[in-house]
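> Before I ask anything, here is the structure I am working with.
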Amino acid sequence: MGKVNNKQTNIKNNNFKKINRLNNVSNFPLPNSYYISILIRFIIGVLAIGYIHPDEYFQSPEITSSFMFNFKTFTPWEFSDSNPCRSVVIPLFNSGIPFFILKNLQKLVDYFIGNNNISIINGNTILMAPRIFMVLLSFSLDYYIVLICKSYNLSYRKSLSILSSCWLIIIFHSRTFSNTIESLLVATLLTLVLLYRKNIYKGENTLLKDLLIGMIVSCGIFARFTFIFFATPLGIYLLYLLLQSSTSTSSTSSPPSLRNTRKSKSKVSCIFSIILIIFGFLATSGFFIIIDSIYFNYLDHMKLISDFNTITSNINTSDLFLSSNSTIEIINQISNIPKHPLVSNLNSIQIISFLKNNLTYTPINSFLYNLDVDNLSDHGIHNRLTHLFVNLPMMVGPLVLLFFVEIISILKNGSNGNVNVTDKDSHHHYDHHVDGSSIKKNHQPSSSSSSSSSHLRKEVFPISIRVLLVSIIGFGLFFLSLAPHQEPRFLLPLFFPLALLSYRYFYFNKKSSKVLLVLWILFNMILTIFFGFVHQGGVTPSLVYIGSKIVKPQQQQQLFITQSNNNINNTNINNNKTRHNENLQKSNSKLNNITIMFYHTYMPPRYLLGIEKQNEKINLVDLGGKDINSLKNLVEDIKGSKIFILSPTKTILYQQYNDKICQLTESFWPHLTTEDPPQSIDELRLFMFECIDL
């Protein structure tokens, strides 16, 4: 009997030691590999020359640079006034803020140094500024990992290492994709909901989180309407938490009257939380709608001001406080406003017509656009299983296998009847683990428990949280797979919950775990090099080069001619004025027109050239994947213009052109156009040719 008691005492002491160790997870030093990964993330994220997809430029900096720097840019179909499918608030955030900072830094330079042609606004800085901003934003994911793991008394070292070593956070999260913003918002919402769970069980105030949840949901939907697919499981889980808190607050040992009082208060709190969430959502959505409607010229704010002035014209505010009856008169006048013809004649049809014609709702426009298969056919039609068997493995590599292993593990727990026990105990999770004051009986290891299962238990989230993470991934994957157009970047928001779900499999000292770690490192190294440096790697360096070597000198020359012309116009000597004007016109006519062509590359972002809007002498032509004859015909048709061609192939040199000859002037390494692969490693370049008249 004494031996049994000693054995039970030892088990209890061991459990207390484990809990104390888990309570000190915040004191665990981060591995050196994490600090190295931070340095790699920043350097590669900012300086990588790879070009993933045109949307990284044309959904943000190409839009904001037009009105921030007055550049000549290209407006994609998503931002057309007729049917805008993207909110302008998102690009104003992820590239507008860094551009605004850059623009004001230039003003400081001009103020302190003077106008000495020192410009910090150039191709390199406008390329890197949004990337620096996005890299800094990516560290919020690291912070979320720490918050979540500390809340559940789990070590965050491995999960941080997985997060920071993944090519998705190094490459994708340094770019201004709308998918990147969506991914950040999904992670933010997940973190808020998991911390919300802790607040409820501790009886803490959740008012701020209620507002934030509504605001985040609105921001996510306006970033991409697909945000709903990832947020739905979180919304269901949050509603479950609120309803559960309204029915399980009071203790059964309390008097019935006290229990009913606690329940009623909890129900009121639950309803108030839902109202706050809805308010946060509606207020934020209203902000997005108004900004979008003004930007896309739907909302005629001058007319609204005029109507408001007309309605309030009968109120004589100048007599306010001048007589004892002024307040009553003002009230009477205000009460007559509903009788004004502009107000009294309004009916529901007019209100709906006003909301339809004067406001735009970009998420709805985008959703309706994607419902039309004919529209999606312009972007490519894919098999419904492309996301599952191609895109997801390409994005997360070995983690996709761990996702299915986790599903099997959850199903096994369910078949063994462990799910209900865990969920029941999850109400007291924070009481037992955060404070370390007691131990859950259901989680005490039996004498027959293996060391591996004990290790697994202390490194795993409660099963209700694991089910939630699996639901987010599965729900998003399922609904995105229903669409006929499927791109890998659409799955980017799945990465954060998948990193939380699968990190524990990297803990075991087994051969399989070491193999998994090697595969993970190799996978991310290959994808980082490919998309960070090789894939379309010559496009942005060539644009920066052309902007500094060709566009900038031409614009400086044109500026000099314009300034000289203005100076002469201010002189009083008519003869000299006429003579100089003639000379300036001749000089201006000598300014060469410049045509820049991109052939068999991704669409080049114009803003990196820095062409001013009023400059009509420089034009960029995107030939995309057209054949060589189309290029040849276009070159021959252009007269009186310098022609620069950028192409991944040298076949341009071997073409016969009428009255023109093309010569190789520069090349940019590395560059790979997968649709037009090189014949040798030496030709892994983007070649630049200049065509001149004979």
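From the backbone N, Cα and C atoms, a Cβ is placed for every residue, glycine too.
Predicted automatically and left uncurated, TrEMBL annotations should be read as such.
When I checked TrEMBL for this same protein, it listed these features:
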TRANSMEM  34-52  transmembrane segment
TRANSMEM  132-153  transmembrane segment
TRANSMEM  159-177  transmembrane segment
TRANSMEM  221-243  transmembrane segment
TRANSMEM  268-291  transmembrane segment
TRANSMEM  385-405  transmembrane segment
REGION    430-454  region 'Disordered'
TRANSMEM  463-484  transmembrane segment
TRANSMEM  490-508  transmembrane segment
TRANSMEM  515-534  transmembrane segment
> Taking residues 6+ outside the transmembrane segment (34-52), which of them lie with a CB under 8 Å of any CB in it?
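Same-chain contacts beyond the flanks: 128, 131-132, 134-135, 138, 157, 160-161, 164-165, 169-175, 177, 489, 528, 530-541, 602.
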> Please figure out which one of 132-153, 159-177, 221-243, 463-484, 490-508 racks up the most CB pairs under 8 Å against the transmembrane segment (515-534).
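Stretch with maximum Cβ contacts: 159-177.
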> Sort out the residues at least 6 away from either end of the transmembrane segment (385-405), same chain, that have Cβ-Cβ distances under 8 Å to it, and list them.
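Same-chain contacts beyond the ends: 166, 168, 470, 473, 477, 480-481, 486-488, 490-492, 494-495, 498-499, 501-502, 505, 516, 519-520, 523-524, 527.
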> Of the stretches 221-243, 268-291, 463-484, 490-508, which racks up the most C-beta pairs under 8 Å with the transmembrane segment (132-153)?
490-508
> List, by number or range, the same-chain residues at least 6 past the transmembrane segment (490-508) whose CB is under 8 A from its CB atoms?
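Those are 141, 144-145, 148, 158-159, 161-163, 166, 168-169, 172, 177, 179-180, 182-183, 186-187, 190, 226-227, 230, 387, 391-392, 395-396, 399, 402-403, 405-406, 452, 455-456, 459-461, 466, 469-470, 472-473, 476-477, 480, 516-517, 520, in sequence order.
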